[in-house]
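Remarks on the structure that follows.
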Amino acid sequence: MEGIVVIKCGGSTMEQLPDRFFQAIAEIQQKGKQLVIVHGGGPAINSMLERLAIPSQFVDGLRVTCEDTLQVVEQVLCGQINKWLVRRLSEHRAKAWGVSGMDGGMLTAVQTDKPLGLVGEVKKVDAAIPLAILSHGYLPVIAPLAVGTEGSQKYNVNADIAAGAIAAALGAESLIMVTDVPGILAPKEEGTALIPKTNPREIEQMIQEGIITGGMIPKVRAALDALSEGVPQVVICRGTAEDLLRVCQGETAGTAIVSKAAQVHA
Ligand SMILES: Nc1ncnc2c1ncn2[C@@H]1O[C@H](COP(=O)(O)OP(=O)(O)O)[C@@H](O)[C@H]1O
Ligand SMILES: CC(=O)N[C@@H](CCC(=O)OP(=O)(O)O)C(=O)O
């Protein structure tokens, strides 16, 4: 059986993903690669909160989440984005099955000790659920919510962090983080340049220096965690069919640089 590739689709880019991106997913699936999608939806949550006059607040790229916010997060991620993605994939003949991390207790989390409210840190991933979906020939599409260890509480989990934990639990050969930038960017003499290869020490330094900010912070931290938990490759790239096909064909394996994607090495 072919290896597993986890694709994290960021909310930043979701609505701009071209038909070709979804066609590429269908092609890759038809060739036998086992794909798992974990999705975000930060901008759609922000819009809904704004409509409801609930303020949005982030600390290091993570949303401060009260009960009201959590209700909106669940409605938008599980009810809106998850079903939209499944429809979009199905339109292009990919076989997709939408779930949330709460279904079957796939993701178990504890409340973070940071002052973020109902934000969960993933403690356990039950790989049996995505594996069961894959075994029926479907691609799991996972919304990043988690249940507490007692099973009654629910938590908001950043989608990058959920994707990293799921990739590690599934023993994925690759984690592809699809976003609205081609990778980690840093200031250069003229404008910014893509950092093709980096390591944990440099990443922490870039966070301290304010080069990596906002939503890129959980992304790089999740990438490093996934690498240290045995995922061989994490690629941050834009949502183009070309990048996706290249990475899924293993063309970036063992190389430090791909034209539009930055590979993060532990
Ligand atoms: N050093 C950096 N390199 C690239 N992007 C960065 C960097 N620091 C902060 N960012 C921001 O991170 C954003 C991507 O994170 P985010 O908005 O959470 O995307 P997604 O919804 O795809 O997870 C970029 O659009 C950019 O504004
Ligand atoms: C705790 C936390 O920050 N959860 C995120 C979950 C969605 C997400 O991660 O979406 P993106 O991938 O588009 O950023 C949030 O509430 O926005």
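FYI, residue positions are counted from 1 along the chain as it appears here.
Backbone N, Cα and C define each Cβ position, glycine as well.
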May I ask you to find which of ARG20, ARG63, ARG201 TrEMBL records for the substrate site already listed with GLY41, GLY42, ASN156?
ARG63
Could you please provide the mean pLDDT value for the domain 'Aspartate/glutamate/uridylate kinase' (4-237)?
95
Using a 10 Å radius around its CB, how many other CB atoms surround LYS8 (site 'Transition state stabilizer')?
29
Between GLY41, GLY42, which of the binding-site residues has the fewest other CB atoms within 10 angstroms in the structure shown?
GLY42
Coarse DSSP state, helix versus strand versus coil, of GLY41 (substrate binding site):
coil
Taking the Cβ of LYS219 (site 'Transition state stabilizer') as the centre, how many other Cβ atoms fall within a 10 Å radius?
29
